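Okay, structure first, notes after.
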Amino acid sequence: MAEEGYKVTLNVYDLSNGLARQLSTSFLGKPIEAIWHTGVVVYGNEYYFGGGIQSSPAGTTPYGRPLRVVELGVTHIPREVFEDYLRDIAPRYTAETYRLLTHNCNNFSHEVAQFLVGTGAGVPDYILNLPAEVMSSPMGPLIMPMIQNLESTLRSNVAPQTTQFVPTPASVSAPTEAPASERKAPAPAEKASKEAPAPAKKEAPTPAADPLGSARGKVQEEVMKEFAAIMASGTLRASEAAALAMRRVMERHGDGATMQQG
């Protein structure tokens, strides 16, 4: 069999189960086909990156049936050599090193495919470029804190805290420490204290326009609450719970986000 080679394919899944296609335009301001997950199939097994490097007999992974299968080519590398290679790269692919946007299952599949078949093979660009596409959307910078929160939740497989959202500097009011300290000053400093408010107003930055308006923090908080409630029920995996939580909040705020952007 080694002389003939081993067929290598890429299983492609949509973690959103169609929700990205339905709701991305209203929520992100641009269409997204899917939330891609991939695994490399060779030697009768599927290899993928989750909480670490995983392998399962082809067709038995937790992701169900692939949306599509991409033919990558043929490898002549023996299975033993390939699995030695996986052991070598395992320290770079752990639960701790996982990054939703930059070091994920698709980056793993791409590296593995190139090892097996050569640099001409790999994961298609439309999958590898998805994170950049999402972050370049009108809503990208606003949902980054939510993505980071969900990322760390999926790594640790525990429900997130709903209070973890931290507003960006643009959404924080101008500091008031200086006027406060001057009010506490002795009587001789009272004049300076009365004159202080004028320059403080001139220096205060103008808050940047927020496409989500008053819903900015609310969207983040609602996703976290939905996710925590679903995980507490114990009926879904973390990835499924995250998709369901996002769907519920998208459905509530999708139209509002579109109006804010229009």
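Backbone N, Cα and C atoms are what each Cβ position is placed from, and that goes for glycine too.
Features reported for this protein in TrEMBL:
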COMPBIAS  165-174  compositional bias 'Polar residues'
COMPBIAS  186-209  compositional bias 'Low complexity'
DOMAIN    6-148  domain 'PPPDE'
REGION    165-218  region 'Disordered'
Practice task
Report the DSSP secondary-structure composition of the domain 'PPPDE' (6-148) as helix, strand and coil residue counts.
Solution key: 56 helix, 38 strand, 49 coil
Practice task
Give, as a single whole number between 0 and 100, the mean pLDDT over the domain 'PPPDE' (6-148).
Solution key: 89
